[in-house]
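Database features, via Swiss-Prot:
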type	residues	note
TOPO_DOM	1-6	topological domain 'Cytoplasmic'
TRANSMEM	7-27	transmembrane segment
TOPO_DOM	28-289	topological domain 'Lumenal'
BINDING	58-62, 97-99, 123-124, 154, 184, 218-220	UDP-alpha-D-galactose binding site
CARBOHYD	81	N-linked glycosylation site
CARBOHYD	90	N-linked glycosylation site
BINDING	186, 187, 188, 189	N-acetyl-D-glucosamine binding site
CARBOHYD	201	N-linked glycosylation site
REGION	214-236	region 'Disordered'
COMPBIAS	217-226	compositional bias 'Basic residues'
């Protein structure tokens with residue numbers, strides 16, 4: 001009986017010693033891990049959410065502006081901890097400039113890259129007030145960033161040009177933008193009608209500490225001549241352009257990708273998508289200069 005008791009006590013003591021030994025090892029391991037974590041610094045920028053923004057820039061022959069836009073925009077978004085891609089949609093064909101179709105192409109590229117929201121951002125318009133929001137706007141919300149009270153030039157009530165943000169899902173719901181606008185102007189006004197018809201929530205940035213003179217910087221040079229559309233002497237264009245387009249949009253934009261390339265501007269990498277658009281001369285004969 002005494003021998004059995006001694007064996008039981010010995011076993012208990014051994015188990016206790018083993019438990020103490022593993023406890024000491026665990027404490028030491030935690031201390032080492034804590035020291036390693038203290039010395040480790042994550043080199044990646046802090047992300048406020050899992051959302052990813054694609055900055056879509058419709059573009060042609062604006063290299064001087066692009067050199068300034070790219071590093072400025074990248075720094076601005078990094079300061080807001082916004083995960084992003086900058087996509088320059090470069091029109092390479094000889095047709096008149098078609099901003100809306102290029103943005104439709106940009107949506108396809110943004111979807112391919114896994115972005116869940118997008119901002120249409122003209123290359124000559126730079127946000128300078130850090131309060132200007134580029135974070136995720138939410139489903140069903142369209143955020144006009146260059147609202148009339150802050151845009152350097154345009155202040156009319158229905159203006160939604162310059163910089164406009166929404167989710168990729170909502171852009172698809174709107175069927176994107178009309179493809180009939182060749183030349184400069186009016187595509188935003190038609191897109192405004194699409195938004196109103198859709199019942200999506202159009203919001204405008206407000207409550208900033210700045211005004212139209214110092215919220216954005218407009219770097220469009222006076223030597224940059226705009227190809228206004230419609231031509232003033234073409235009554236047919238006026239009739240076509242002023243009507244709501246229920247036919248064309250994201251689903252039927254026709255184009256050919258010539259190439260994709262990465263360009264570096266002062267340490268900022270942007271993706272250039274070289275695009276040749278297609279024009280239906282029977283529908284929009286004014287696509288040629």
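Using the three backbone atoms N, Cα and C, a Cβ is placed for every residue, glycine included.
All features noted in Swiss-Prot, drawn onto the structure.
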residue : record                              : Cβ contacts under 8 Å, 6 or more apart
58      : UDP-alpha-D-galactose binding site  : 89, 91, 97, 99, 102, 103, 106, 120, 122, 123
60      : UDP-alpha-D-galactose binding site  : 90, 91, 97
98      : UDP-alpha-D-galactose binding site  : 91, 179, 181, 182, 277, 287
154     : UDP-alpha-D-galactose binding site  : 148, 161, 162
187     : N-acetyl-D-glucosamine binding site : 99, 100, 177, 178, 181
188     : N-acetyl-D-glucosamine binding site : 159, 160, 161, 164
201     : N-linked glycosylation site         : 140, 141, 142
218     : UDP-alpha-D-galactose binding site  : 124, 125, 152, 153
220     : UDP-alpha-D-galactose binding site  : 65, 124
Work through the recorded positions one by one (81, 186, 189) and name whichever has its CA nearest to the CA of residue 62 (UDP-alpha-D-galactose binding site).
186
Within 8 Å of the centroid of the Cβ atoms of 186, 187, 188, 189, which other residues of that chain place their own Cβ, given that this set defines the recorded N-acetyl-D-glucosamine site?
100, 161, 181, 185, 190, 191, 192
CB contacts under 8 angstroms to residue 189 (N-acetyl-D-glucosamine binding site), restricted to the same chain and 6+ apart in sequence, sorted by sequence, are 158
Taking the Cβ of residue 186 (N-acetyl-D-glucosamine binding site) as centre, how many other Cβ atoms lie within 10 Å?
21
Counting other Cβ atoms within 10 Å of each Cβ, which of the glycosylation sites 81, 90 scores lowest?
81
Express the distance between the Cα positions of residue 186 (N-acetyl-D-glucosamine binding site) and residue 81 (N-linked glycosylation site) as a whole number of Å.
34
For residue 188 (N-acetyl-D-glucosamine binding site), the three-state class that DSSP assigns
helix
